[in-house]
């Protein structure tokens, strides 16, 4: 119950920030939008006013993004519990740091398997159904972790693999639902709010886990977080719809407003609602914008999982703080990432509204999101106190959130009909990079005897990925359909 209340409080604080920032400009002047609807290729245009504060806060799309934020919070909380539990488990089982890295990376083995298949399912069946199954399975895996750990090491690894398989569909499902429910000029902000839940899940998992472990044992958090996931599924199934036009609660005004904001891609999205069951992988991989997203996701995942998995141990071994303090120092940056991420999304949307090109905006966001953490990690290696180190880590993770409005939003822009499978491809590459980083960090520390060299290596990779992104990325739609290529010829 403590976990669920914290989640709801955190998400609705983020929603309050979201709505207050919107009312700041909507009360000054009502912006008129044009709604484009298509019938036999002919467009009819009428006008829809910007929603008021009350209309927005009571809208169905806010409910959808709030539920997505809660799902992603649970997603991350479930995975980070092991980052805290690994310390007492290693002590009780006599595991070396290298083997502890293998146990933590077992989640990633499953996460490596599901994104492509999950992304294809999301494109075909929609985010609502796939997300419901994903949360059900990962909550079951979390709930069964205590039983698995008491049974055998193999059972524990298998349950962690199941957790990874199920969580592999979370981000493609989120992207799909936001693309369906939010107009183009609100999508970065919506992604920022949903990802705020994702980052707060890390903070909640890292801070609550030691407390719950002290009261209910090492496996207490696994049981509580698993039960919260089952509750979420019941609410998600009963209270949300796959698309705005299927919602029995949505008002006619809100439906028209959502459609008006999708006018630029409305015709494309309606023609391509059912993509090919077998996506054109060869065409997808033949374009450099695809590879810019794959490289960016790989680096993002490398940095994310290295920090998520090893920072509690880093603070414990380098600065000799106890487990609860180590979890606290590691959790603060994720809270900052949630806050900075939302405002980065607002800035990204405002740049586009003011006439900045989508391509330039995505390159700017990604550059800040990678070069910033690279510089901060180098400074982190020079810190002499846990407070200073936590400050640099907070800056690194906070700036890292800008990358959500580079490669993550870019998926919908270059391939709206294949965004799920493209997300799956990039997530698979990212998961492989995360496995190498998580396991490699453990072996690197054993061989070299220090985390600092590995953090410097991570910083160098951030800089190289920034250069690659700026050379090959684009904010324009890329044609991946072979049939269209034939017609053009």
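Every residue gets a Cβ built from N, Cα and C, even glycine.
No curator has checked TrEMBL annotations; they are predicted automatically.
Positions annotated as domain 'Major facilitator superfamily (MFS) profile' by TrEMBL: 64-477.
Among the features that TrEMBL reports, transmembrane segment is placed at 64-87 (among others).
Residues or ranges marked as transmembrane segment by TrEMBL: 99-122 (among others). Tertiary neighbourhood of the transmembrane segment (99-122): same-chain residues 79, 82-83, 86, 89-90, 130, 134, 156-157, 160-169, 172-173, 176, 277, 279, 305, 309, 313, 419-425, 427-428, 431-432, 434-435, 438-439, 441-443, selected by CB-CB distance under 8 Å and a gap of 6+ residues from either end.
Outside the transmembrane segment (129-147), and at least 6 residues removed from its termini, the chain residues within Cβ reach (under 8 Å) are 68, 71, 74-75, 78, 81, 118, 121-122, 155-156, 159-160, 162-163, 165-170, 172-174, 176-177, 219, 222-223, 225-230, 232-233, 236-237, 242. The feature transmembrane segment is assigned by TrEMBL to 129-147 (among others).
For 153-171 (among others), the entry in TrEMBL reads transmembrane segment. Distant neighbours of the transmembrane segment (153-171): 71-72, 75, 78-79, 82, 103, 106-115, 118-119, 121-122, 130-131, 133-138, 140-142, 144-145, 147, 408, 423-424, 427, 431; these residues of the same chain sit at least 6 beyond its ends, with a Cβ under 8 Å from one of its Cβ atoms.
Annotation source TrEMBL lists transmembrane segment at 191-212 (among others).
Marked as transmembrane segment by TrEMBL: 218-237 (among others).
According to TrEMBL, the feature transmembrane segment maps to 291-311 (among others).
Remote same-chain residues near the transmembrane segment (331-352) are listed as 10, 14, 17-18, 21, 185-193, 195-200, 202-204, 206-207, 307, 358, 361, 364-365, 368, 390, 393-402, 404-405, 409 (criterion: CB distance under 8 Å, separation of at least six residues from the stretch ends). Residues or ranges marked as transmembrane segment in TrEMBL: 331-352 (among others).
If you look up TrEMBL, you'll see 364-383 (among others) marked as transmembrane segment.
What TrEMBL lists as transmembrane segment is 389-409 (among others).
Summarising the annotation, TrEMBL assigns transmembrane segment to 421-445 (among others). Tertiary proximity for the transmembrane segment (421-445) is limited to same-chain residues at least six positions away from its ends with a CB under 8 Å from its CB atoms, namely 97-102, 104-105, 108-109, 111-112, 114-120, 122-123, 164, 168, 171-172, 175, 275, 279, 281, 284-285, 290, 293-306, 309-310, 407, 411, 414-415, 451, 453-454, 458.
Per TrEMBL, the feature transmembrane segment maps to 451-472 (among others). Sequence-distant contacts of the transmembrane segment (451-472) (same chain, six or more residues past either end, CB-CB distance under 8 Å): 288-289, 291-292, 295-296, 298-299, 302-303, 306, 310, 314, 317-318, 363, 366-367, 370-371, 373-375, 377-378, 380-381, 406-407, 437, 440-441, 444-445.
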Residues from the same chain, set at least six apart from the ends of the transmembrane segment (389-409), whose C-beta lies under 8 A from its own: 171, 175, 187-188, 191-192, 195, 199, 292-293, 296-297, 300, 303-304, 307, 311, 315, 318-319, 329-330, 332-334, 336-341, 344-345, 348, 361-363, 365-370, 372-373, 376-377, 379-380, 383, 426, 469, 473
